[in-house]
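Below is one structure, written out as structure tokens; comments come after it.
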Amino acid sequence: MKPMNAAVFFILAPTLTAALDPLSTSVFMGGAAVAWQLLSPHSWLKCSLLECCNMKDTLNLSVIKMDLDRKVFGQHLAIQIVLRALSANMHFKRPRKPLVMSFHGWTGTGKTFVSSIIAENLYQLHIPRRRFVHHFSTVLHFPHLSHVHLYKEQLQNWIRGNVSACPRSLFIFSEMDQMPHGLIDSIVPFLGYHEEMDGVYYGKAIFIFLNNAGGEKVTEIALDYWRREKRRDDIPAKKLQSLLSEEIFRNTDSGFFRSQLIQKNLIDYFVPFLPLEYKHVRECVRQELRVQGHREDEDLITEIALAMSDYPREERLYSSKGCKTVASRVSLS
């Protein structure tokens, strides 16, 4: 309901209700209140029954920590960094810039899974509000190198329009290692320190990039620690984040190759996803058995986990596919 229409309605309401009996008046005013709630863009009733952008942050950090600890295996560094990032962002009622995180690691290590857990917790599994989660697949949405100029314009318009509708929008970009060079730089203006741009406030938006590029560097460091008999838990997050920043900036197979996002320090957190060891794959298999309603067969768990531990060739310490094919292997067993 537009402000002018609302004003006229409430000016005329007493005149209209004067001609009605008390019961009719109560019904009329009650119906008017419901109509007002449903027509108001951010009313509690509309948010409950229909859909709206929930401006009040609903992310419970203790709940999302429990979800991550229970469902994600072998990624203590990623979980620590993600929780720290979300906590820092939620601390401010009006953050100065959007939260920007870039996830790096081999396929199957949990990058997409963690981003989905964030989305589910951010909107409390409220299905209509999932329209404020925007997932871009490079292969699906940006397939043609010759159309990069058009993609840039479309991407800017999409982000501008959706953040205008809901400041707490979540944008997830997958397959960043296949994104055309320079395309992602089109969103640089939205990720900086601005109070507003053309009347739109972007500080509450969250951007997550999923990238296989940098996975080899993460694995190289993890393997070096193992060979030197150092604990995986002792790998320093800051060192990995710094190396990832340098690696993907120079990597021609990265969507961030010579990107302004890195040059201008607009990515707040580079999140390393470590390669999964045999024991982590076992936990993935165990969880998948539960999901599919099977009993926890230890022999089967061992068989699948051993078959997936294939890197390096000599030590067979890690699964080169992470837990990517666990579900299908369990289904076929």
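A Cβ is built for glycine as well, from the same backbone N, Cα and C atoms used for every other residue.
Feature annotations, reproduced from TrEMBL:
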type	residues	note
SIGNAL	1-19	signal peptide
BINDING	Gly105, Trp106, Thr107, Gly108, Thr109, Gly110, Lys111, Thr112	ATP binding site
DOMAIN	276-330	domain 'Torsin-1A C-terminal'
Confidence summary (mean pLDDT) of the domain 'Torsin-1A C-terminal' (276-330): 95
Gly105, Trp106, Thr107, Gly108, Thr109, Gly110, Lys111, Thr112 excluded, remaining Cβ within 8 Å of their centroid (ATP): Phe103, Phe113, Asn212, Gly215, Phe273, Gly322, Lys324
C-beta crowding around Lys111 (ATP binding site), within 10 angstroms: 27
Least surrounded among the binding-site residues, given as Thr107, Thr109, when other CB atoms within 10 Å are counted: Thr107
Secondary structure content of the domain 'Torsin-1A C-terminal' (276-330), with strand meaning DSSP E or B: 30 helix, 5 strand, 20 coil
